[in-house]
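So that you can see what the record holds, here are the features copied from TrEMBL:
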{"type": "DOMAIN", "residues": "2-218", "note": "domain 'Glutamine amidotransferase type-2'"}
{"type": "ACT_SITE", "residues": "CYS2", "note": "active site, nucleophile"}
{"type": "DOMAIN", "residues": "284-425", "note": "domain 'SIS'"}
{"type": "DOMAIN", "residues": "457-598", "note": "domain 'SIS'"}
{"type": "ACT_SITE", "residues": "LYS603", "note": "active site, for Fru-6P isomerization activity"}
Amino acid sequence: MCGIVGVIACRNVSKILIEGLSRLEYRGYDSSGIAINNEDGVYSHRAVGKVQALKDKFEAYPLDGKIGIAHTRWATHGKPTEANAHPHFSGDDLALVHNGIIENHEPLRRELKAKGYEFKSETDTEVIVHLIHDAMKSQPDLLKAVQASLAKLEGAFAIGVVQKDDNERFIAARKGSPLVVGVGIEENFVASDQLALLHVTDQFIFLEEGDVVELSRDQVTIYDAKGEPQERPISVFNHNIDATDKGEYRHYMMKEIYEQPKVIAACLDGRISETKVLTSCFGADSGFLKEVENIHIVACGTSYHAGMVAKYWIEDLAGLPCTVEVASEYRYRKVAVPKNTLFLTLSQSGETADTLAALRMAKELGYLTTLAICNVPSSTLVRESALTLLTNAGAEIGVASTKAFTTQLTALLITSIAIAVENGLSAEKEKELVQAMRSLPAYVDLALKEDAHIKNVADRFANKHNALFLGRGTMFPIALEGSLKLKEISYIHAEAYPAGELKHGPLALVDENMPIIALVPHNDMLDKLKSNLQEVAARGGELYVFADKDTDLHSEENIIFTEVPKVDSILEPIVHTIPLQLLSYHVAVVKGTDVDQPRNLAKSVTVE
Ligand code: AGP
């Protein structure tokens, strides 16, 4: 999604802004731009495509100044063209960057046109800058004009705005879209996330909904939605700084796949003992574990798939009903909330607009409490949820989620067991599960050892146009996740089905051109799944089987076998995810797609 960087300093800010944009590239975008404010006025460059195109313009025509705002745009209103790229201007007086969507932009545009404003883009953003310009006719102070204008906007926004002739400050604001203030020495910053500013500061202030902030070189003044000045705490960034460094790897995605043994261990650290789940990981208020009678899980995309796995775990281990729903559906329907229901959100970023909206709606619906399983401690989701369990995966840069997913599953397993213990799970069974979890990082490491073999499989796979993923039980959501990974980064059309559904329709698709990826752990469903595979083989389908040795499956004509470590059945969904991540990665590399920033996608989906 769109990314914002803003700087006021005693030095030239153009390099800081460009580096900030490069650090935001992972969020997904299709054009970029920068406005620099100096004594002569506000000047800008905009470019379609990668930030490199913007850098090229800067090299050809340098812009110097001590205040600037910059933007990566992920197109919503209007195509990715230079005219639609931010910053947008009102005359030559004001320049503005925006992340979010202004829902009432059409009536505002009509009003502003009637007042004589000329629009140069198709964006919803352009109304904001003209609105502020119009407000300044009766209220010449930029801060007050911004506050008055924002009150007229419906939708979500984070903005940065600079004014010609004001070389002492710029204004930023947020409501519904993320924005963080970076605090420096005689220089201050804003950005869509902390990673964009780690080259200049590690001190951050997280803005609340509706905050407007005035930034000068030596001061950051924050006003809340009512216009009252507010003190907000400064936090020091504690993620590993080399999150933005690919190290020895060609792509962030591969680096993040290989980090999984380490980050799963970090997710387990301090949350389990030799024999037990430590409920203190839910904070002082873990009393909900005793009271909960139902669980509603709400999330999007990969996080939703993690939630689907947790449904199997919770209902199996705790015997409590659990429903799982995508946030974009949940937020627009009338929800019946049974007594003592836990509302559980899952999100890597903690900034996904639909998930946040679902949480805000749920808070009005009388749930027992709200728990967020999230990877970003400073995120809006964490700040707005009553309880949090952090996944501790470290910053994930690749758009295709990998380590964030397996750590979500790890955190969900901890949660499922904790709830189950209060609902009759024996101490003996808890110990067995916890001991299995302690071996998880080592098994994930073992699964990674198949990398070279999977790379060969990928060579065979890369010319395919479609793929069908099959799994049963907890392997069904993993099949969904495998197919999503393949779609996202290799652009191969892929679908996933519970294997038992094959004969109810999708079997019609099976012929020698349809690869079938089957996830076959050695568990209770093995014989049933083998029958499903027979149905495929009988129709000439090419089977890519991911199974452990005990299944007695192996490579033969029309079967390409990949070994997955044999693990306790509770760990199967996590361990079986690894080869599917590697398969998608290698297929994408063979196809030459942009692995870390696949087309049309954004890392943090901050608009509806
Ligand atoms: C996963 O590969 C995707 N990038 C996407 O489905 C993602 O999981 C989804 O947008 C939800 O994001 P979140 O976990 O940050 O809320």
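Every residue, even glycine, has its Cβ placed from backbone N, Cα and C.
No curator has checked TrEMBL annotations; they are predicted automatically.
Here the structure is a predicted model, which means the values were calculated and not measured.
Counting Cβ atoms from all protein chains shown, LYS603 (active site, for Fru-6P isomerization activity) has 26 others lying within 10 Å of its own Cβ.
Taking the Cα atom of each, the residue listed as 'active site, for Fru-6P isomerization activity' and the residue listed as 'active site, nucleophile' are about 10 angstrom apart. DSSP places the residues of the domain 'SIS' (457-598) in helix, strand and coil in these numbers: 69 helix, 30 strand, 43 coil. Mapped onto DSSP classes, the domain 'SIS' (284-425) shows 59 helix, 28 strand, 55 coil.
Across all of the domain 'Glutamine amidotransferase type-2' (2-218), the predicted model scores a mean pLDDT of 94. LYS603 (active site, for Fru-6P isomerization activity) carries neither a helix nor a strand DSSP state and counts as coil. Cβ environment of CYS2 (active site, nucleophile): ARG27, TYR29, HIS71, THR72, ARG73, TRP74, HIS86, HIS98, ASN99, GLY100, SER192, THR606 lie under 8 Å away, each six or more residues apart in the same chain.
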